């Protein structure tokens, strides 16, 4: 089983390098795997050229290498007998310095030691011999490979014997790391919490379980004043409010012989297994919202809404400060100010210009 330690839940998940003394942090797990390959010297990336076949530990290394195949190597070494060609002048000058010139050697910094080396790895191994650090030596006959890291030795051993399956009952040895990953998918995934040794079949269930072992777990208290219940998930808090305080058990069992009702739809789906034992796999879709556009003739179910929910909440939590009442609200409106105070008009006929009617003709006597 794979032991996965508890981690604190966070909104933005980060992946930290577990190597000692390394503080690298990445947002994507693939970036971390690429970085860890540099620590363990696992060369997972292979050049696809027919005549090349070089292996690299990191993705950016093979990307840089592939550019060499695409670019023309115009700069050739002028030394007699050397047929090396390079794409840049800088690479050519480095080649002439270390291969044919007098390159500055890497000298040992230990007092009294006059050894010098051309590669940094050889210098690190030599310095570890002065400090009496334990060296990891390859035990394959005729190899004699040395390293100061046990992880690098394990990566070196895989070059001799391939990549062995980590399961105890499986003796499969894959020639490449990619073939090993393909083989591991055939084994059933078994995850185990490192804190309580509880097994899980899904990685999502293990992540939710690890939140219970966090140093600062999420605490959601019940908003009612006379209730001291505290929950770790929003689902449990919602279930508590609907069942205990609101008594909203609207999800009834459809079977005629069963009178059970539940506050949450997920609880009803789990209950249906009692009536149908052959139904083993449940695919619950949490947080599913109804479609915005319904078909013709369909009606959206009317939600049960309680009018007065004030008894569920504490007023101290809702109102952190006293409200201020504004008595003079005249400053909020942009009204035209009158120069002189208006007087009430009794006769308003002078404000209107009404057409005068023609005088009626008098009847002749």
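Positions of Cβ are set from backbone N, Cα and C atoms, glycine also.
Worth saying up front: this structure is predicted, and the values here are computed from it rather than measured.
Feature annotation from Swiss-Prot assigns zinc finger to 15-39 (among others); the stated evidence is sequence analysis.
The feature zinc finger is assigned by Swiss-Prot to 45-69 (among others). Among residues of the same chain six or more beyond the zinc finger (45-69), those with a C-beta under 8 A of the stretch's C-beta atoms are 34-35, 37-38, 87.
Residues 68, 118 of the same chain lie 6+ residues outside the zinc finger (75-100) yet bring a C-beta within less than 8 angstroms of a C-beta in it. As annotated by Swiss-Prot, zinc finger applies to 75-100 (among others), with the evidence given as sequence analysis.
In the predicted model, the zinc finger (106-130) shows an average pLDDT of 79. Swiss-Prot lists 106-130 (among others) with the feature zinc finger, giving sequence analysis as the kind of evidence.
Under the heading zinc finger, Swiss-Prot lists 136-160 (among others). In terms of DSSP secondary structure, the zinc finger (136-160) contains 11 helix, 4 strand, 10 coil.
The zinc finger annotation in Swiss-Prot covers 163-187 (among others), and the record cites sequence analysis as its basis.
Residues or ranges marked as zinc finger in Swiss-Prot (evidence: sequence analysis): 191-213 (among others).
Annotation comment: Swiss-Prot describes 220-245 (among others) as zinc finger, evidence class sequence analysis.
Feature annotation from Swiss-Prot assigns zinc finger to 251-275 (among others).
Broken down with DSSP, the zinc finger (75-100) shows 12 helix, 4 strand, 10 coil.
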